[in-house]
């Protein structure tokens, strides 16, 4: 199955990975911003959460080593008010998981375009990249990945310790990915790759 990282020996593969990651970062951030806009309580003193459609606006520089070595990572979250998140018990969970869901939706849209309009290796790789981005954020329970942030947000005192926990998770994830690559071991990368390949097969088979 097509999963990343790739050997990137052809122009199509290079373009597919670059475009796929840029789209994955953008959609991940925009989906979270969209959910934040849905739950944001109207107030004359507060600006609405903006849509940027710019990957640099959501790129977390701490994630760059993981993006390069593993083909997945995390984004900078939009600033959501804690008052908005208190509207329902599910809001903190959904606010963090919305980005990964957005990546899966994008993968489905691109697979339909690939099948009906314009078959391309670039599209296939873009689909795989977004699936892998979503899988990592859904399955790895360490912040700053989405499900890790969602679970950590349920801990007592999360508001006060958010930055410290986020940084600790980022360092741990980066160190683990670097160790996997250096030692040629498959733990997180293998887990994410196998699940991504399975979803990719289902999606492309249904497309």
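Glycine is no exception: its Cβ is also placed from the backbone N, Cα and C atoms.
According to TrEMBL:
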- 14-35: transmembrane segment (TRANSMEM)
- 56-74: transmembrane segment (TRANSMEM)
- 94-113: transmembrane segment (TRANSMEM)
- 125-144: transmembrane segment (TRANSMEM)
- 164-181: transmembrane segment (TRANSMEM)
- 188-206: transmembrane segment (TRANSMEM)
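Counting residues 6+ beyond its ends, the transmembrane segment (125-144) has Cβ neighbours under 8 Å at 1-4, 6, 12-13, 16-17, 19-21, 23-24, 27-28, 60, 62-63, 70-74, 97, 99-101, 103-104, 106-107, 110-111, 114, 151-152, 165-166, 168-170, 172-173, 188, 191-193, 195-196, 199-200, 203-204 in the same chain.
When Cβ-Cβ distances under 8 Å to the transmembrane segment (56-74) are tallied for each of 14-35, 94-113, 164-181, the top count falls to 164-181.
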